[in-house]
Amino acid sequence: MASSSTPKYNSNSLENSSSKRNLKDGTNWEQNEEIPRLPGETRVTDKDVIYMCPFNGPVKGRVYITNYRLYLRSVENDPVVILNVPLGVISRIEKMGGASSRGENSYGLDITCKDMRNLRFALKQEGHSRRDIFEVLTKYAFPQSHNLLFFAFVNEEKFPENGWMVYNPMSEYRRQGLPNERWRVTFINEHYGLCDTYPSLLVVPYNATDEDLKKVAAFRSRNRIPVLSWIHPETQAVIMRCSQPLVGMSGKRNKDDERYLDIIREANGQVSKLTIYDARPNVNAVANKATGGGYEGEDAYPNAELFFLDIHNIHVMRESLKKLKDIVYPNVEESHWLSSLESTHWLEHIKLVLTGAIQVADKVSSGRSSVLVHCSDGWDRTAQLTSLAMLMLDSYYRTIEGFEVLVQKEWISFGHKFASRIGHGDKNHADADRSPIFLQFIDCVWQMSKQFPTAFEFNEQFLITILDHLYSCRFGTFLYNSEFLREKEKVTEKTLSLWSLINSEKSKYTNPFYSKELNRALYPVASMRHLELWVNYYIRWNPRIRQQQPNPVEQRYMELLALRDDYIRRLEELQITNNSKISNSSASSTSPSQMVSQVQTHF
């Protein structure tokens, strides 16, 4: 059983902690408004409602709807109850009750959110009070279903840092020492003609021609050929990624694909075999043959070793998260907490993903063997495994900048289907493509940060902020399914990057215990006894659960940073005042003849 003790209860309500809590995401509010607004955010409507708080009972308030958020402020409570929900977080809006409903507060709206909470608002049964707010919410929460722009395209915020400059693929490959005599950069996919879900720039074996790549693409699902993700600086073993081969029920073979994998193996020169990690359970990989997919059989690939990692598909993960949400919101049943948590299988899935990544990392580092990672299409479990293995092996990815690069590279540029998995702006709550794959990855990163508290430059708030804006649609970072579609929509020109926000206030996201010297490989313990439920994320909306408090040293560190910033600001103000006095004094003591002399001397 995982070391996830029953969450501790706390009488202090998070919802009643006033608007201070809402400033964690770095929002620059316009304070002279009835509600906070971002530049480019416009108010659409407002309505008196009763918020059916699952913790404190009915709360009278006024709800405001903008083109970005739902914002509720209570009118009678002290302290004031605040709800601040980006519309992108909303997954489903349903009408509660009908014209004949007679029970108190039985008529209104039920809202299902993507961030582990649900909301219920009761309205008066008069006129079209519910219809109006239902239509407005539906329109702006699901812009893609109503031919509207995401808020990211009208967001007018300004940041001192340009987050789109964080990741440059050529710079990242050069950091890894590429290209070299064994690996080359190819622009065969520059216009996404080879594979429309891959990035435009790819690294492949030096001895493989572009014609070879085209032939291999025909035998890989979605044309996602094996390409390099990372190279070990000492062993020169590599992590490759791709999709499943199109073997089918007849056991088709492709000589070009078989030869290409041999070229990958030979580029290492260290061992006799290439190691292939198929993320799927064996039975699923076999079943995929019925739909034309499959795996690398030993007859066709005698120079490869194949291992199945038993990680389940997107549908299993979606159901697991649904079960987890059921036990953490709105109430946690203390008496059956451990058995309830176990029944969700969430931590079991986290364990399998981490275990698979450890195998990949260990084979590359200790085994000095190149590895090829794939699942079915190579954009879900594959991204989890390659990015986590790279995080374990390369300390650069444990910095704030490096982690941003890792997400941009392995997830965003290599075509993880963020739009489909999250359902950005789409009203189809029951879409079978939705799945918490990226959330699982971030959870795995959090598990590692708990086991190695000095190895990561970023803190927990960094990870939570990424997840919050995974849904918010405030930034263009996670919009659309591929680099090809993002270029088509001109995302980098028309929207802001999430990294602009984070990199403009790095101190907020910095781990005070970070040690730059800890640059060795990290292998977390992936046993159930060492994994924990991430309470500060999954149960943060429950005011009765005592959140895991920051270390006192971390709190003091943040206080000192705030003091430093205050002293710097005051010093700058004093310098400006002093310079102004000197300038005025100099001007008043200078005679006209001296001024002429100065001008003449200057020229």
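Each residue, glycine too, has its Cβ placed from N, Cα and C.
Bear in mind that the values here come from a model prediction, so they are computed numbers and not experimental data.
Residues or ranges marked as compositional bias 'Polar residues' in TrEMBL: 1-20.
The feature region 'Disordered' is assigned by TrEMBL to 1-40 (among others).
Residues annotated as domain 'Myotubularin phosphatase' in TrEMBL: 163-538.
Cβ-based neighbour count (10 Å, all protein chains) for N313 (substrate binding site) stands at 17. Marked as substrate binding site by TrEMBL: N313, I314, C375, S376, D377, G378, W379, D380, R381.
For 344-406, the entry in TrEMBL reads domain 'Tyrosine specific protein phosphatases'.
TrEMBL lists C375 with the feature active site, phosphocysteine intermediate. C375 (substrate binding site) carries neither a helix nor a strand DSSP state and counts as coil. Within its own chain, C375 (substrate binding site) has S243, Q244, D278, A279, R280, I311, R381, T382 as residues 6 or more apart in sequence whose C-beta sits under 8 angstroms from its own.
Per TrEMBL, compositional bias 'Low complexity' is recorded for 581-597.
Per TrEMBL, the feature region 'Disordered' maps to 581-603 (among others).
R381 (substrate binding site) falls within a helix when secondary structure is assigned with DSSP. Here substrate is bound by N313, I314, C375, S376, D377, G378, W379, D380, R381 per the record. The longest Cα to Cα distance in that group is 12 Å. Most other Cβ atoms within 10 A: among the binding-site residues D377, W379, that distinction falls to W379.
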